[in-house]
Amino acid sequence: MPALPSWLTEPLWDQFTALLPQRHEFDPAHPLGCHRRSDRIVFDKLLQVLRFGCSYEAIADSTCSATTIRNRRDEWIHLKLFARLKQIALDAYDRVVGLVVDQIAVDGAITKAPGGGEAAGRSPVDRGKQGMKRSGMTDGYGIPVGRVLAGANCHDSPLLAPTLDRLPDLDHCPTRSPCTSTPATTRPTLAPCSASEGCTAGSPTRGPTHQSRQPTS
């Protein structure tokens, strides 16, 4: 079962394969000189992990082991290939559809992290279990343009500046953008931070309230 339709994965792979360095057909680090697993197989496996949220062990099969998926993932992260692919995707979307960067929204959310990790911390909403705080940033239409990970016990406010640093370097990106954030990230202590990032911070306003419909007799 494909994780995503081919009309979406094929252009991604075409862009990604252009970033890959040349590799030997046989793995020189292997004592028996085994064939190196195809990059396309590992790429598809990583898409399945992202799409279905399963573990590497669950997605591994006879074509590719969980260890190979992890090792190739770490190799590509070290080469910054995923960061470059993300920028290519954002630039392509900006050319075809257009990113609304004159309105930026920033918010944080706590998620579970049962496996721990470098960014995990004690969750204040899950009885002290391991969790993560995701400070995400979107454009005016909700397209993700950046995020920062921290421990679940980290407040939203100190994550605002590093989150805004993830704003992609676009040609038409305004030098001063309205940044709509939650009350947790718009404390008075953040005024210098927002100014240094070229943003004017503000909390979202509520829409008009509607009276509940009363049943008619």
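Each Cβ is built from the backbone N, Cα and C atoms, and glycine gets one as well.
Annotations in TrEMBL come from automatic prediction, not curation.
According to TrEMBL:
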type	residues	note
COMPBIAS	177-188	compositional bias 'Polar residues'
COMPBIAS	202-217	compositional bias 'Polar residues'
DOMAIN	8-85	domain 'Insertion element IS402-like'
REGION	114-138	region 'Disordered'
REGION	173-217	region 'Disordered'
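Within the chain carrying the region 'Disordered' (114-138), a Cβ under 8 angstroms from the stretch's Cβ atoms is held by residues 104-108, 144-154, 156, 159-160, 162-164, 166-167, all 6 or more beyond its ends. Taken through DSSP, the domain 'Insertion element IS402-like' (8-85) splits into 46 helix, 4 strand, 28 coil.
The domain 'Insertion element IS402-like' (8-85) scores a mean pLDDT of 90 in the predicted structure. Helix, strand and coil residue tallies for the region 'Disordered' (114-138), in that order: 0 helix, 11 strand, 14 coil [DSSP].
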